[in-house]
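Enquirer: Have a look at the structure that comes next, please.
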């Protein structure tokens, strides 16, 4: 076990350029996960191939010598198919046909099949093959048939460590990975009066429109708040009137419920009234003023009338 651990450590400590496919095949999932955790990765992949790819991408980030990213993609476990041999076929055309099609010097008149400004040896390269025309009217066709493995581009997983975060992307082709590595290696120079100036100019009228809309919204909201205040005051007045009416009704109901108390108070008032009249007459006689008997009889009549009204209300 110790020998295996030491070999794994020695393999992982090698620089990325010195790693071979044999070294990568000797690595295990646990070795890769342990290495990634030691480097600060929180959740390494449980898949062996993905963990190895994460180790290779991490080593490429820590080793600034290889900025192109080709070392990472070269170590992907997906083996690329070998380039198939090119099949070359030689087609011989008769000279008579070439002469009939205008294989003549440029100084002569234009013919039916004459080509202007065409060099004697023309070369055309395309995706399917390569065509060459020589002096001796020979055409060499170089055909490179594509295998089904080539049509499906090699796709792998890409891990990016940036600002303390780990981002893992699946299905990244090699060309895209190279472009990302080039983009990360080159610094970005932003012009002073470039894109940001235009964005500022665009943002200014937007802010003015917002400043114009805000006062209108405030003016629309002000009368609504005033109307709500007026309605609130009216509701308060109505509720106050209801409260006062209920209070009056409670007072009248209390007086009707206790007739004995009212009658006793009336009796006490009637008993006290003759004494008050006598004292009042003595005061008047002492001062020298006298009242007519009509005035003396009016005061008890007034009190009796009040008592009679109270008795009628109680009944």
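Every residue gets a Cβ built from N, Cα and C, even glycine.
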Enquirer: To which of the residue ranges 233-260, 261-288 does Swiss-Prot assign the term motif 'Jas'?
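Expert: Per Swiss-Prot, the stretch marked motif 'Jas' is 233-260.
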Enquirer: Looking at the ranges 80-112, 113-145, 146-178, which is given as region 'Disordered' in Swiss-Prot?
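Expert: That would be 113-145, per the region 'Disordered' entry in Swiss-Prot.
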Enquirer: Could you pull the average pLDDT for the domain 'Tify' (151-186)?
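Expert: Mean pLDDT across the domain 'Tify' (151-186) comes out at 81.
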